[in-house]
Amino acid sequence: MSRSLISRRPRFGRGASVSDAKPAPSALQCLGWKPFFQQQLTLEELSDSEPVRVMAVHRSQLDVSGESGDEPLPLALLPRELETEQRPTVGDWLLLARESRRPQRMLERSSLFQRMAPGASRSQLIAANIDSVLMVSSCNDDFNLSRIERYLALVREAGCRACLVLTRMDQCDDTSVYTDALRDHGDLPLAMVNALDADSVAPLRDWCAAGETVALLGSSGVGKSTLLNTLSDSERAATAGIREDDSKGRHTTRHRALYPLPDGGLLLDSPGMRELGLANVAQGLAATFDDIGRLAEDCRFSDCRHESEPGCTVRAALESGELDERRLRNWRKLKREMARNNRTLAEQRAGDRALGQFYRAVQSHARSRKQCGD
Ligand SMILES: Nc1nc2c(ncn2[C@@H]2O[C@H](COP(=O)(O)OP(=O)(O)OP(=O)(O)O)[C@@H](O)[C@H]2O)c(=O)[nH]1
Ligand SMILES: [Mg+2]
Ligand SMILES: [Zn+2]
């Protein structure tokens, strides 16, 4: 990770007069430091510790960055028995003791992205303290409205702003296929771009302004790393061509990492995720499918399942063509998936608690035997 891009600019921009210039963002602000985090510090912490941001998570260390630059932080310095949500992930802010550089605590997050870990019964953290998400898809076979709705549920649950970016506009003869398909998402900002072209991606720069942390989310091969390279005007990340037959990518990016942009924003590049299982996203789902929620309010029965009940306004909207069948199917599918995953996580937590109690009981029994000289 290059330190040089985290600008330590003078307080006033070059050439500007002292009276009209806005103070340039500090190094910490360029890393996404905001009043929300500042307010969490006690006076003692302000003097004795230094906030650093987690830029990448590796097997045995974190890459962190702060006012003193980049440094590795061995994971062995963190408490061992942290629950999943308490473990630092990319984007988290930690306080390090100024002298010893030991981690003191993690700051409360402004947002958190997580998914059900593929093939496991646990959730997996993706990133924290993200302001906006660029949901990336391409003008080709990758485009899938149901997947976009899945991403949206996650992004809205986290309370982040969302923008849909469709790459490969340069290879597409008729973009109306995509704009027509998105008619139910009229309030979702949309950018159609050639990710290889700096002018074409210029509208995305507003999203990545100084101090903003922006995550790129999308399948492998849609051009996430290409966008990072073009927006940062350098070859920060490796990219590779997609398969000709099905437009699928080759999982080129292997690690999630935050990259500082020359203008002071931060971009999170991630590996393309094959699965993005949803759990605990009730609000995000309601916001993504608010039209169905509004229709359901007028159903005759408050527990209407919108199947064959009389007076069902959801089915009526389906029959009149006002509501798309695919959208209703996807809403049902995501709700079922979330309910199933919520149950799995609740059982997992109960199991963890029972195991914790068991271990504590064994430890205290062993201690008391030792004290008795057994
Ligand atoms: N013509 C054209 N090619 C693009 C565009 N966006 C991406 N590409 C190409 O698509 C290929 C895949 O891009 P990547 O940036 O590696 O995709 P990614 O989303 O980072 O993929 P993973 O790292 O595997 O998740 C590269 O060969 C890019 O040059 C675009 O808008 N137009
Ligand atoms: Mg990539
Ligand atoms: Zn109904």
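Backbone N, Cα and C define each Cβ position, glycine as well.
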Residues flagged as region 'Disordered' in TrEMBL, choosing from 1-23, 70-92, 93-115, 323-345: 1-23
Further Zn(2+) ligand in TrEMBL, beside Cys299, Cys304, His306, within candidate set Cys208, Cys312: Cys312
Cβ under 6 Å from ligand 3: qualifying binding-site residues of Lys224, Thr226, Cys299, Cys304, His306, Cys312: Cys299, Cys304, His306, Cys312
Residues among the binding-site residues Val222, Lys224, Cys304 that border ligand 1 - Cβ under 6 angstroms, in sequence order: Val222, Lys224
Within the predicted model, mean pLDDT of the domain 'CP-type G' (122-276): 92
Residues close to GTP site centre defined by Gly218, Ser219, Ser220, Gly221, Val222, Gly223, Lys224, Ser225, Thr226, Cβ within 8 Å: Val136, Ser138, Thr167, Leu216, Gly249, Gly272
Filtered binding-site residues, from Gly218, Ser220, Thr226, Cys304, His306, Cys312, whose Cβ is under 6 Å from an atom of ligand 2: none
Which of Ser220, Thr226, the listed binding-site residues, has fewest other Cβ atoms within 10 Å: Ser220
Most crowded position, judged by CB atoms within 10 A, among Val222, Cys299, Cys304, Cys312 as binding-site residues: Val222
